[in-house]
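Straight from TrEMBL, the features:
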BINDING   20-21, 45-51, 70-74, 139-142  GTP binding site
BINDING   51  Mg(2+) binding site
């Protein structure tokens, strides 16, 4: 990565809302700043577009038809979810393991992992989902493994 100033800034990145892919792109600056740059598959996969509202995706597999809803996780987005849930058979709840030492963008006092645990608990115990299968998907394991060496888990679980 670039000079010592950038590295110092990066060492404190959990104190502000820095994108998970920032290190990847900073390390690739020489390549991606070329005039003939064409994004690699990894470049595309590491992009981040914040989900706002509700994004519906329909697809079929064999003779089964699926409707998948991606809903924004920010508190302000949650009010928009309720009409999506009528008749759902499963919920895939995604939690970034790497968020254990970060705070919410909309509430700098609230730890992201704690907020995710509260939301997951409210969904699991909701009367609307008594017969709904709930799958907890923990992602960003690679970032978690890297972070845990320099940022203790006691930040989230004192």
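Just so it is clear, glycine is given a Cβ too, placed from its N, Cα and C backbone atoms.
Everything TrEMBL records as a feature, shown here on the structure.
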residue : record              : Cβ within 10 Å
20      : GTP binding site    : 17
46      : GTP binding site    : 16
49      : GTP binding site    : 6
51      : Mg(2+) binding site : 12
70      : GTP binding site    : 14
140     : GTP binding site    : 16
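Secondary structure at residue 70 (GTP binding site), taken from DSSP and collapsed to helix, strand or coil, is strand. Rounded to a whole number, the distance between the Cα atoms of the residue listed as 'Mg(2+) binding site' and residue 20 (GTP binding site) is 15 Å.
DSSP assigns residue 46 (GTP binding site) to coil in the three-state reduction, placing it in neither a helix nor a strand.
Taking CA atoms as the reference points, residue 70 (GTP binding site) and residue 51 (Mg(2+) binding site) are 7 Å apart. Under the DSSP three-state reduction, residue 51 (Mg(2+) binding site) is assigned to coil, being neither helix nor strand.
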